Every structure is written in C-alpha cells, then in structure tokens.
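S.K.: Pasting a structure below so you can have a look.
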C-alpha cells in the first residue's frame, strides 16, 4: 500500500480486478490501488475533477481552456501501457497510429460500490459498457466513426468514463503518438497532422503535459519532450514518465537514475518511472494486477532503481497519486482565473448576441410588431443623428461635428476670396476706373466699378458652395447607410430597400439644395443692403482706415503707383470693404442653413416617413424580414455558447471551493 507520503508500507499484492488482454479476471476485488491513492482527497478530489469534467462535457472547452493532463509520447513509447495500468482497461494497441482521436479518460473511484461501469461518448452516441473487455472494441468503433476506417486522425474528442473501486480519481487526455513517416494507408502528411493536434493541447497554459519516454533511448532526442519544451521551456507544467526500465542496457542504469532524479533534463514537476506490461506479458496473459505486483517486485529488487522507489518516484500507484495531486492543485490554482474568463466571455457574447437581435416570429401578427420595432429603432437612430445626439466611439466624431468643420472651411474660403491683397484690389479698381469712368471728375465714386467688382467676387464663391454641398451630402449618406447596416444588416432585403431609399432621397434633395444655393447666388448679384446697416458698416471701415493704415496699404507700391491712385479709388475700396462685411455675414450663414435644411432635416424626415410606409404592404413583411443565411446560424451558435457559459457560471457558483 502507498501512504500519503508516497512510501511503501506493506507488500500485499494489488487486487486482481483487471483485464487479461481483453479477458476479465474477477478472482479478487477486496482491495485496490485506488483505496490508498486518494484517501486524503475524499472530500476534495472528486468534486474538483467532477467540476472540470462537467464543464468539459458542456463544451466549455470550445470557448476557453480547462485544466487538464495531456498524455503525449512517441510511437512505441509505452504510452498505452501506462494508461492501461492507471485505468485497468485495455486500450487500442497495434502498429502505426492506434490513438486517432483525442481520448478523454475519466477515472472515477467508487467508494461503496464494487460494480465496474464504463461509458464511451462521442458525437451524438453514448454507449454504456458493463464489462472492461468491451472498451477496446468500442473505442475502435468510435475512432472509425469519427476519423474513418483508414489511418487518418481527427481533432474530435472521444470520452471514456471508467467507474470502479480500483481506479484513482483522475482525468487524462490521451493524444495520438508522434509519428515521422507515413505507413500503409496513412496520409502523406500524417506527421504534420499529428503534431498539429498535439500542439493544440499542450500549448495551453492550463494543460499539464505528461511526456512518456522509454528508458532505453536518449531522452534529449525524443520528439515528445522536444515538443513539450517548445511550449513550456521552463518545464513548469511538464511531468516526465520513464517507461521500460527492464530494457535498459547493463551499465546505463545510473544515467536513468540521474534522469529520474531530475539531474539531466530539468522539469519543475520532475519525473516518475514505471514498468508496465510488455508485449510478452500480454501474450502470456499476465493480468494488470499481476503486472503491478511484478512492477513493485522489480523496483524493490533492483540495485539501481530501488532508490527511486524509496523516493516515491517509481511504480504506477505512486504515479497515480502524483497525477491526482498535481491535477487537483492545478485545478484549484486555475479556478479563480477560469471563473473570470467565463464571466468575461459571458458578457462579451451577450453583447455580441444583442447585435443579432431576436429570432423573427413565425406568426404574421407578431411579425408586424417585430418589423415596427425594427423600423422605430432605425428612425430613432436617424433622429439622434440629425439632432447631433448619436452615440459614437472614443476616437470618433459625431456627424454634426464633421459638418460644422466643413462650415468652418466655408468661412475660410469666403475670407480668402474677399481678402485679396490691397495691391491687387487697387490694380483691379484702377482697371475698372480706366475702363468705365465717364465724364465724372476725380473724387466721384463710380458705382459701376464698385458693382462689377463685388458681383465678380461673390460669383466666384458659387462653385465652392456647391462643392461643399456635395461633400456634406456624401457624408450624410454614408452616416445613414451605417445606421441602416447596424439595424438591418442581417435582413438582406430590408437592408437593400433602405439603401435604395437613402440613395433616391439623396439624389432628389441634393438637386433641390443645389438649386436653392444657385438661386441664392443669383440673388446676391443684386447689390443690396439695408441703408442703416450699410451706413454702420461703412462708418466702421472709415474709422478703422486711419492714415497710418493707409500708409501700410500702399507701402509696398512704388511712388508712380501711389501717384496713380486717386481719391475715387480709395473711396471705392472703402465701399467694397463695407459691403463685403455684410455679404460675408449673409453667405457664410445662409448657405449652411440651406444645406442643413435639405440634407439633414428634410433628408432625415423623408427617409423616416419612407421607412414607415413599408408597413402599408403586409404581403412584404416576410420578404423584408428574410434573414441572411448565416445570421440565424450565428445567432444559434452564440445562444449555444451563452447557454454553456451560463451553466458553467452556475456550477462554479455552487462549487464549495
């Protein structure tokens, strides 16, 4: 028996309730290795392992990693023999790859029962097993059903549950043996496929990697340990299992002891050494119970390996105890993180599911209300947008902010057009004065010159105003389209109908807005301002136009140029500046008003009314609410994930800890 410190306390043989290479030997069931393996864990072990097994059965592993022990090894490393010794059942054996699917081996110790029970689960199949001899056959059937009858492999799990008073409380994941060369009907890239499957499991930080290595090979060259070191370079979550110590060449036993004592290739969790049934033992029909007794005798009598037994590093019972202890410690360590991950995933999926909404009702009456809700939500988003109250991301700007920026640019364009250099204005006025001044004496303002200049300057602003209209219209159309996508993306016909309305209304209102803008500029060709308004503006210009500023205006001109500028030109300039102030105020405000009215207010209102008109034709409800093919599948997928995680949260909440 093995005590809690892993030492041998007596030499009683282990029970004889084992398989004899597919046959059952029921001669002795009075005491089993499991009786001594988990005595200190009776209240803690099973609940911990059951919790993780139940989460795995729920499919939570599809969403996040669960604590596990994964068993890996090269072909012919003795991996199957180790698992047989732990479980008491024969697993598939033979040449080539015999483990073709990941096998979740759930061992459950029965305290007050003697009856052996087994269950194989895969896909939608669940097979109860009453005799251990049936396990190998059922596992092979499951692998053929999942991976085909050839030599291919699959990532899909097979679950084998063994309940017996003679097994430890333990869950292991057996992975295919590592192969290098395709044999027989195996795919040419079987080596790559196998390593890819193994790496998928051992890469996870939640997995303890159980690496099986024969004693009679150089440990540094084994592929399994090399793969484990790639994903766990510090050896924090790797346990080495040394097998076949009876095949070690004479004189090399000391090297094996050094490896087992963690002196060669260091692993923080260390090494164990076991001697399981070999092929000859199987042919001689040596039972697993007999094999365990022979293993114990082997280590007790071996001059080199006896020390490993004394240190608790040898035999299958000690291995079972260590694995159970490591798994429980690992589960307890990862539970808080697991609980947080499940909570975060639950919240994330809940939020994602909201984007897909609820299922479309089958009842026509309910379908109408469903469509009304959809249209109202869309119209509310449009209202928020045109009122400048829509929700945006941290690094995003509201539509109205973007439009306001365009209006600021428009004001800058006006200033740039009006504020030409004084020298250029004087030259322009001089040209008009020479061309249009008639019989007036110097000092009399030529109104024609003033009128032509101001009309020309205002006319130059018309096309920039129309360009601004097109820019803002495109911005609004994109924003409306984004709202349509956010609300109706899963309903292809409704989304397409909405986009069509957005485009049609845009085309109509953009034409109306452009017509209004051009009409405004036509009216601006009438030079007009209220008398009292103009007089105040002219007075401000004249007060500002001091002698010093006049000097600055003409300082860049030559003496000849200054002498050619007469009093009438100065007078025209003052009138131009005065009128420009009032024209600037009108144009800089009125053009944005036109755009806001047509491209925000009317556009939004017409779109909202157009969407509500869809309710008038009841025959189109089903057509409008026809979902994209992937939408319902995605919603179903998210609901299933949410249900899994919700169940997982409830089970974690009930766990005593």
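Placed from the backbone N, Cα and C atoms, the Cβ positions cover glycine too.
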S.K.: When you get a sec, could you say which of 170-173, 174-177, 178-181 is annotated region 'G3 motif' by Swiss-Prot?
M.R.: 174-177
S.K.: Swiss-Prot tags one of 330-333, 550-553, 630-633, 634-637 as region 'Critical for lipid-binding' - which one?
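M.R.: When 330-333, 550-553, 630-633, 634-637 are checked in Swiss-Prot, region 'Critical for lipid-binding' belongs to 550-553.
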S.K.: Out of 267-270, 271-274, 275-278, 279-282, let me know the one Swiss-Prot marks region 'G5 motif'.
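M.R.: Region 'G5 motif', as annotated by Swiss-Prot, spans 275-278.
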S.K.: Out of 73-80, 81-88, 89-96, 105-112, let me know the one Swiss-Prot marks region 'G1 motif'.
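M.R.: Checking Swiss-Prot against the ranges 73-80, 81-88, 89-96, 105-112, the region 'G1 motif' one is 73-80.
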S.K.: Look up region 'Disordered' in Swiss-Prot and report which of 300-319, 540-559 it refers to.
M.R.: 540-559
S.K.: If you count other Cβ atoms within 10 Å of each one's Cβ, which of the binding-site residues 73, 245 has the most?
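M.R.: Neighbour-count leader: 73.
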S.K.: Does residue 79 (GTP binding site) have same-chain partners at least 6 apart in sequence with Cβ under 8 Å from its own Cβ, and which are they?
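M.R.: The list for residue 79 (GTP binding site) reads 71, 72, 73, 99, 174, 177, 212, given in order along the sequence.
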S.K.: 175, 178: which of these binding-site residues has the sparsest Cβ neighbourhood within 10 Å?
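M.R.: Taking 175, 178 as the binding-site residues, the minimal 10 Å Cβ count falls on 178.
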S.K.: Enter the number of other CB atoms within 10 angstroms of the CB of residue 76 (GTP binding site).
M.R.: 13
S.K.: Take the region 'G3 motif' (174-177) and find every residue of the same chain, 6 or more past its ends, with a Cβ under 8 Å from one of its Cβ atoms.
M.R.: 70-77, 79, 83, 91, 97-103, 105, 153, 194, 197-198, 201
S.K.: DSSP on residue 73 (GTP binding site), three-state: which is it?
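M.R.: In the DSSP reduction, residue 73 (GTP binding site) maps to strand.
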S.K.: Grab the pLDDT values for the domain 'GED' (569-657) and give me their mean, rounded.
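M.R.: Mean per-residue confidence for the domain 'GED' (569-657): 88 out of 100.
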S.K.: Mind tallying the region 'Bundle signaling element (BSE)' (337-362) by DSSP state, helix then strand then coil?
M.R.: 20 helix, 0 strand, 6 coil
S.K.: Restricting to the same chain and to residues at least six past its boundaries, which positions have a Cβ under 8 Å from a Cβ of the region 'G4 motif' (243-246)?
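M.R.: Residues 77-78, 81-82, 212-216, 256, 273-276, 278, 298, 302, 305 contact the region 'G4 motif' (243-246) from elsewhere in the chain.
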